[in-house]
Structures are given as C-alpha cells and as structure tokens.
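Participant: Pasting in a structure now, in structure tokens, and then I'll have a few things to ask.
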Amino acid sequence: MTVKVKFPKDIREYARKEKVKDSLIKLTETALAEAISKFHRRMIVLQGDTLNKAKLAGILAGGAARILSEYIPEMLERKLRDTEQIEVLYATDALGEDTYGRKRFEEFRKHFSLLAPTAELTSVTFKHSRDILGRTFDILVIDLSYDYSPNDLGRIIETVRGGGLIFVLTNPFEKWKDMWTGFHKSLVTPPYTIEDVKKRFNRRLIRKFTEHKGIYIVNTDRMSIERKPGKYRSQATLPEREKVEIPKNIRFPRELYELCLTRGQVEVLKTLEELIEKEGMVVLTADRGRGKSVSIGIASVGLAVSSKKKRFRIVVTAPEPENVQSLMKFAKKSLEVLGYKTKVITDNGLIKEVYAKGIGIRYYPPTKGYRQRAELYIVDEAAGIHVPILHRYLEKERVVFSSTIHGYEGAGRGFSVKFLKKAKEKREYKEVHLSTPIRYAEGDPIEKWLFDVLLLDAEPVELTEEDYELIRKMEVYLEEPDLDDWFENDREDLRHFVGIYVLAHYRNRPSDVALLADAPHHEARVLRLKNGKIVTAIQIAKEGGIPKAVIDKMAKGYKPPGNIIPDMMVKHHYAKEFARLKGYRVVRIATHPDAMDMGLGSKALELLIKEAEEKGLDWVGSGFGASPELIRFWVRNGFAVVHLSPTRNPVSGEYTAIVIKPISEKAKEIVKKANEEFRIRLTEWLGDTHRDLEPEIARWLFESPFGEAVNYPIYLTKTQKRRLEMFIKRILTYDTVVDAVKPLVKLYFLDGWMRPYLDERQIMLLIHRVLQAHDWKETAKLLNRTEMYTMVELRDIVRGLWYYYKHLIKDEEGEK
C-alpha cells in the first residue's frame, strides 16, 4: 500500500510564516517516507545556538505526527504498532524553572502542540530516563545542547519504533566539540580542574553523525541543510510484517500466540510449553529490542493458565525493576486478552506486581527472589547479576534466564562465558536466541549508528594458535595507548579493548567508554602480544596527591569525586597522610575470554606495578565486588586487603573489597598498619556485620602479603584455660567453651606465615562455626560432612592450636 507523506497545507503555511524553508519540510518528509517504507528510524540533527532549533523541532515534529496519525489504522492492521495514539517523547537534561532546558522545551511545545494537538507528548529528564523503559514512541526529540550521559543516549534512542523520527538538538558542531558539559563537570576530581577534562567523546559523536546512513544534519541558525538525502521523496510503501505462523498442537491458549510478532517469539512460547508438566530450565538471549522480555511475559502467563495448580506464583527478578517493565506489561496484557481481571501494584510508576485469579507475578531484587516460594522463577537481564546468586536460581525446578547480548544493558557474552558453562555441568537446559527486532526492521541504520558510537557490539581480536604460543612463552609487553589517536581516528584497537570488557565483564555501560575518553584521571593500559594483539585490558584512575585543605574536609565527611581509595583510607583508617601519596586505582582489568587462566592478568599487574614504581608512585590498588576468585587473584599478586563494605551491593549481591599494593616506604608503613587493623576488625565483623559472608571469601581476606603476626594481645583467664583443656579432653562440649575457643581462633587468623598448617576445609570450619557462630547443622552442610564428624574435627583443630599457641596467651594477671 502506497501512502502520501506530505505536510498538511495548514502546517506548510504555518512553517512559512515562521520562516522555515520548504527544503527543510521536504527533508523531513523524505526522512519520514524512508522510515515508513523500511520500518526503520531516521534522525535529523538540528545544530544551532538559539531557540530556533527548538522551534524548528516543534514544527517539523508536528508535521510528522500529523502525517503518521493519518495511517494509524493501516499500521495497526499490519502490526507495525500496537496503539492508536501518536506518542512523542521530549528528553532533556533539565526541566526546572528558568533552566535553558526548560526554555527550549517550552519553545518546542508551543509550536508542536498547536500543530499536533491530539498527539500525546511526554517530557522526561535524562536523570529519570529509566521511567520510560518499556514504552515506545513515534517521535523523539532529544536535547543534547548542554548535558547528557552515553547511558541516557542508548536508553532513550531505543524507545523509538520503526517508521519514527528522531530529532537531536545540539550546539553548533564547531562550538560543541570544544564545550564542557555537565557530564564533564562530574568528572573533575582533586587535584584536577575542568581544564584537564578531555572532549574526545563528543568529538566522536559528532563524527559518527556524518558517517552513518539515515542521519541528516541541519544548521538551524542559517536554516540550511548540511547533510541531505540523495533523493527527495513524498511517498512511502507501508511494509508488511513477516507472517508468523502458529504451530499445530499448541498447549498455551491460541490468543497468546496471536500476540507474537516474530517467529522467534513463537519459539519462546513453544519452548516454555515444555515446563507445563515437568521441571526444566530455559535460557533466552537476544540483542536489545528483540522482544525478549515481552516473550517471557506472554509465556509466563501461558504457563500459569495451563498449570493444574490452583495457585501459580511467579517470581521475577532483574538487576533493576526498570528492566522488567515490558515483561510485566505484556503479562498484564496477556491475562486481559484471556479475559482475566487484573490488579497491578506500582512503585514510583514502575509495575512491581500483577495479580489475577489464582495467579501472582511479583518482582524481587536478585538477592531476595530465590528465597521466595514459587512455581516459576524468571531471571531477566541475568548477566547483570553476580554468578553465585544466579546459581541459587539454578537450583529451582522451573527457571527461565534471559540476557541481552548487545545493548545499553551492557551484558556482553560474559553471561555465556562465566555462567552457562558451569550451568551445563549441573543441569540440562534449552537455549533460544531471538535475532529479529520487534520495534523496527533488521538493518536499521540508527541501531547501527548507536552500536558504533557507544561500542555496544565491540569484540576482542581473534586469537590463533600462534598467538597462544606467544602467550605460553609470555612474550608480551605493557603499553599506554594514545587515547587521542584511538578516539579521533576510530582505531580497531579501541574496539578490541572495549570488546574484552564486553565479553569478560557482567556489565559494561556506555558511560564507561566516555569516562575513559574524557576523565582527566582515567587512563588505559594494554597487554599486547609481541605481534601487537591486545590480550588484557586495564582501565586505571590516578588517585591521591590531594591538597591538605581538601584532606581536612574529607576527614570531616566530605566525599570528593573519584579518589575512592584515599577517601576510604582517610575515613576508615584515619590515614590522612595517605591522601597526599599518589597511586593507580585499577578500575577494570579483564583478559581476553579465550585466554583466561593463562597468567596474563597477573603478568599485566606485575608490569603495571613496575611502571608505577619507575614513575615514583606510592601504591597500586583496586576496589571490586568480592568473589573467591577475585580476592584470591589480588591477594596472590601481593595486594593487601584494607577494607570490606558493610553491606552487599543490592544488584550484584557482593561486598566491595579494597586492596592496595604499597610501593614507597611511606605507603608500606601505612598499608601494613591498615591491613593489620582490617584483619582485627574482620575477626569481629564475621560474627555480626559480615555473618553472611561466604567463608571461602573470608579465608582469603585474612591473608597478608606482609607475613607478620598482628600485634594484638589475646587474654584468657586461668579458668578459661582449664575449661579449654577439659574441652580438648572431651569432658566439656564446644557450646560451653565458646568464650575460650574464639580468642584462640582469632589468634590463628591474626598470625603470620609461621602459623600452623590447616587445610581449606579446616579453615572454613573455624570461620563458619567459631567466628560466624553458625550452628552445627549449617556448618556440616557447608563442609559436606556429618554433624558428628564436624564436632570431632573442630575439637581436633582446637587441640592443635592450643598446644601451638598456649605459651603466647596471657591470663588475667598478665602471665603466660
């Protein structure tokens, strides 16, 4: 079906009155005709210094909205949209009174509302852009004139459906490429100033506007087109969606299959039908915008209504409730299509719970969801959740894991690399991959532009057998890349560098790239093979060297931007002099996923420490989510643990650990003392603040690179000593001598390298039963032993420790 794409006569006359050239109207008509015909998006960049750009956006968007509104019935029939309302989104950095962002919005709205009064206009600030996740818009106006973050850019652009237009408001490119934005101001940290902040990311963004198809550029101050289409057009052919055939022998209601827009979604429903009568696990992967969450929302209702149970409870979890809004909305829609009355519970505008007769669907944070009883568990955006927590869901009878491969969620393939490999060892599962976009057709140029500018689809370099030989021989070198060259000339090395993070890390946000590009204290290091291939990527932040006046403020509670390690040392160890010292904080370190466990990470750290030493720095440190593997990695590389956060990260479920490798003599003195203090604190925290800390993590936190015992006197009364002897001789039980055993166990963990040898299981037993005071049943389960065996083993360990340490323990008179 061919349709006319021409501005109505009244809008053309209005535009001329407002001095809008016909060429700009033709440009908009052409962009819209291209978008409709291909079911893609098109972008028009309006660069300028005055309110003209907002006025022009209002007039052109108003005309486009009127054209789209004429063809809503045909688009609904072809399933190109699911609403009769034309929806327009205006996104900006600020909407407060007297802000420039507000003035531009008001100028836009004045013209737009006059020309397209029936369109629904939503305004949102970047800060609240998560509020529009799960919604879809026909037209987007995004104001980048002053402030934005790359995370916002990705999240907002992807809400526009095929056949839609995106208007981008910017400053004149020549001015913009040298401007500092609000995002830049947030990167300033002592001792740096705004003058030190780079502008690489904005320059990359400007360049990418001119490199990709489907993007047109207008200078609104001169009302001239600077990048125009090859051919103007005023007609479009309404496309047809791929015909989706409903399979025979379906078990979910047919009405649910009719909600599917792609064959991939049908496959998801068909796969989940297998969970009606038997337990099982399904893994769903897709790029952003492929209808993954929608499919799960529909299929979860299919399972609930097909179940023989009177009550069907569904637990939904994801890193953030925003991640599951599409799932919840389509679960609600599916229930209503089947004739159910629904009850929805929201929090801050986000759907948290959906109920119908006998069916309950509820969102829980990752650390709480697995504790609930349910018939089905759904883990959405699983790559953003800490692997040990994913393993808790792995134990459930019916569970669905889903993960975005590329997109602003930034999952990467780390989910497959780190979790699914281990999951295969525990249970069988079916995997479904969705490749066809839902909001727009394949090959959308705006998606290509977005993935390119934000490096969402970056991949590491491929490794050959010759490369592995170089790795085995450790023929590598550490290099500081020229970031100006990487970003200005769009080097492949940048994609390979970021690609390592995309594949190796659980979450990789677009703003991480901007931080690397522009933050004055952030730098990159790469471990290259002799042939130049990047195999390990390191992002570092230079910290310390803080002026005395700022340090005094820090000691009173002030938190400077950046400087995470100096700030922690000042507040938790009263080491004000440490903040004057300079060091590298390793922000991220990751090795090529095809070359893991070959010693590259340790080699990269070794060379980084050597570089820091040569540059006269005082320390190298890092902060990270504590897992047994990571703690072990850092400790084995000679780093001392100096801090553990009192609470777990609500998304990852991990405690944050901070480690430091001192280089200068002054740093060694301070860090040694901080490490000793931390170990003393940990012996107490394990029974209180960190009672739920995994013992396999705790045991590595006690390890020290200094090898010396902590000078921390342990006292036992004469009676306690006698009772301890009676426990060893099996006269008294453990529960009656806890007060005497605990100081002895503390002494062991505060000892140096000369402490008696205990194997891994024995160390875990001391931590779990004595320091964390868990009962015999839990401890025996942890160790995979009987309770009786565990009791006997603890007595044997205490006997050995007592004979080894009793000459060091003072009694109340101070005698040994």
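Including glycine, each Cβ sits where the backbone N, Cα and C put it.
Quick paste of what Swiss-Prot says about this protein:
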BINDING   Gln265, Arg439  ATP binding site
DOMAIN    469-664  domain 'N-acetyltransferase'
BINDING   Ile589, Ala590, Thr591, Glu629, Arg636  acetyl-CoA binding site
Participant: Out of Arg439, Arg636, give me whichever of these binding-site residues has the highest number of other Cβ atoms within 10 Å.
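Facilitator: Compared across Arg439, Arg636, the most Cβ atoms within 10 Å surround Arg439.
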Participant: In Å, rounded, how far does the Cα of Gln265 (ATP binding site) sit from the Cα of Ala590 (acetyl-CoA binding site)?
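Facilitator: Ala590 (acetyl-CoA binding site) has its Cα 34 Å from the Cα of Gln265 (ATP binding site).
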Participant: Applying a 10 Å Cβ distance cut-off over all chains shown, what neighbour count does Ala590 (acetyl-CoA binding site) have?
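Facilitator: If we count other Cβ atoms within 10 Å of Ala590 (acetyl-CoA binding site), we arrive at 24.
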Participant: Could you please provide the mean pLDDT value for the domain 'N-acetyltransferase' (469-664)?
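Facilitator: Computed over the domain 'N-acetyltransferase' (469-664), the mean pLDDT is 94 on the 0 to 100 scale.
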Participant: Tell me which residues of the chain lie with their Cβ under 8 angstroms from that of Ile589 (acetyl-CoA binding site), as long as they are six or more apart in sequence?
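Facilitator: Set apart from Ile589 (acetyl-CoA binding site) by at least 6 residues yet with Cβ under 8 Å, we have Thr536, Ala537, Ile538, Gln539, Gly601, Ala604, Leu605, Ser622.
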Participant: Using a 10 Å cut-off, grab the number of neighbouring Cβ atoms around the Cβ of Thr591 (acetyl-CoA binding site), all chains included.
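Facilitator: If we count other Cβ atoms within 10 Å of Thr591 (acetyl-CoA binding site), we arrive at 24.
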Participant: Fewest other Cβ atoms within 10 Å: which of the binding-site residues Gln265, Glu629 wins that one? Let me know.
Facilitator: Glu629
Participant: Between the two most separated Cα atoms in Ile589, Ala590, Thr591, Glu629, Arg636, the residues recorded as binding acetyl-CoA, what distance in Å do you get?
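Facilitator: The acetyl-CoA-binding residues span at most 17 Å between Cα atoms.
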Participant: Between the Cα atoms of Glu629 (acetyl-CoA binding site) and Arg439 (ATP binding site), what distance do you get, rounded to the nearest Å?
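Facilitator: About 40 Å separates the two Cα atoms.
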Participant: Whole-number answer please: how many Å between the C-alpha atoms of Arg636 (acetyl-CoA binding site) and Arg439 (ATP binding site)?
Facilitator: 48
